[in-house]
Amino acid sequence: MSAMATGQPTPHDAGAAPRAPGSDGAKQPGKRPFQGRQHGKPVKHRKKKQPKPVQEGSPEEVLLAEVQAMLKLQRISEGPEGEAGPEVESASLPDYGTELELDVVELSSTGDGLARQKGSHHIYVVPFSVPGDTVKARVRHHNLDDGYTLTDFLSVITPSPLRDDSRIQCRYFGVCSGCQFQMLDYAEQLKIKRNIVVKAYRSFSGLAPELVPDILPTIGSPLQYGYRTKLTPHFDGPPGNSRRGPKNPHTFMPPFGFTPKGTRKVLDIEDCPIGTEAVRRGLTAERKRLETEYSQYVKGATILLRESTTRVPKSSPTDRVSVPDGIPADAVRVETDTHVDFKTCITDQNATAREYIDDFVFTNPAGAFFQNNNSILSPFTAYIREHILPRDDSSQKPIRYLIDAYSGSGLFTITQASLFPGGSIGIDIAEKSIAFARRNAALNGLARASPENGEGNKEDARCRFIAADAPELFKSVRGVYDPDETVVVLDPPRKGCDASFLRQLLEYAPRRVVYVSCNVHTQARDVGMLVRGAVEGAEKEGEKKVRYAIESIRGFDFFPQTGHVEGVAVLNRVDA
Ligand SMILES: C[S@@+](CC[C@H](N)C(=O)[O-])C[C@H]1O[C@@H](n2cnc3c(N)ncnc32)[C@H](O)[C@@H]1O
């Protein structure tokens, strides 16, 4: 399953190389200015096109909302004279390929800078820039209908006080589309991510400000580099798409890596410092393999690099553990007092990947969804454990049941099961993930394993799982899980929950909802509907009117160095 289909933010399929001081091509502070794209043909100035409908919560829609907010502020500050600003200018915008000096005034929630030319109102979107920078950028595309222009970043003319390019750990930063924030201090990245959540609820929830609590500070990732347990570099097929392959197959090695910002080409990348050590070694190994095997490919391909862990317990802190059978001798070895983890890189989509969160073990088909920053999963699941039940429960029935909608292989069902004496149920549309969720429940002592396939027994389990479309869930829980005694955890893909699911959720009316999302914009939209108690305004006659109040919202930084943030919103049913 592709990253897009499983809801992982695709820009993290980033590429990069670490810079050993003095190594070839390494960027040394003060020696070579940080630069973006230097080559590439100027694009022709195309005519105004019909705007494409944007998917809700898509980067285009998010950018549009922020550009409009900026233009609105400008009109307010200028009074009637500012009204005609952007439209008047559109006739005289620079040709594609023109290089401009721009002042960056804001940071958008897509991680790009929003900039202006001196004396002009028009907004330019400049990747790899931060407020306070003056940059050189090249005009790539005028989005006339939406009032902004996309540019390619070229170089920094005057740096912002927020920028320190000696922090940049990747020689491809400024070209590769994966990371946006390597030049920033980590505390600053966390502040920016909190602001992204603030803006998402302001623009997409449709709620009055008094209904949205103060957004709490974003919780950082224990690892800020070397955290990503999955990368998916790709390469194109032989030139001309010829079935005969390249002319000199043994001398030809295609660019193999990630997508540069603003193009569909492939940027050749030999290392990526946001990947874990095992994944980085996997990238090196796959490049070597391709050198000899590329001639066998008739088409391009995306290669999966997924970390897997084999844990061997120690009898004492000084116990010497040798590499287990079946694990390569060069596996990454992580030693603790109680165990040794051997980390390897899997490239087969159907192989089984294993990882640990504290003492919980999770297995997965390597190609299926699993959160891919393992370092944050212990504090993250602990936070969910602390907030999944209401603090002051004395006047109500105790909560006994957990519903984990969009459960994948059981992350929440399993890590939270101990709090729910009545039982937990997970639902996911991916049958394979559900098969592994049952198996994971058994591995963690929450279901009996069946002798045939190692899966948890479907009937006799503290954690049960259903492979189905999320709205099907309600057929299984009505009359079984009392909504007054139930918490629902939601963790949908980037597009959020569909209307039918939200409508049925409001009808079922669980006491508490914990909404986790890698897209805070669709999360804000869906939370807005739960707070209003209405999905797209379509209330059926006689329908029970239920609404929710937001208890807390905060971000978790699952994706350091990038513009992405994971949101957690906790809601309580408002009882009349
Ligand atoms: C962001 S992942 C969360 C998975 C899990 N909670 C975790 O953290 O590992 C979203 C999940 O939603 C599932 N999904 C997508 N569309 C669905 C639908 N219509 N009904 C049920 N599950 C769906 C995907 O298979 C994926 O496992």
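Cβ atoms here come from the backbone N, Cα and C positions, even for glycine.
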Out of GLN371, GLN396, GLN504, which does TrEMBL tie to the same S-adenosyl-L-methionine site as TYR406, ASP428, ASP491?
GLN371
Quick check on the recorded positions: of ASP428, CYS518, whose CB has the lowest count of neighbouring CB atoms inside 10 Å?
CYS518
Taking the Cβ of TYR406 (S-adenosyl-L-methionine binding site) as the centre, count every other Cβ atom within 10 Å, in any protein chain shown.
24
Can you tell me the CA-to-CA distance separating TYR406 (S-adenosyl-L-methionine binding site) and CYS518 (active site), as a whole number of Å?
13
Confidence summary for the domain 'TRAM' (93-155), mean pLDDT rounded:
94
Diameter of the S-adenosyl-L-methionine binding set by C-alpha atoms, the set being GLN371, TYR406, ASP428, ASP491, in angstrom:
15
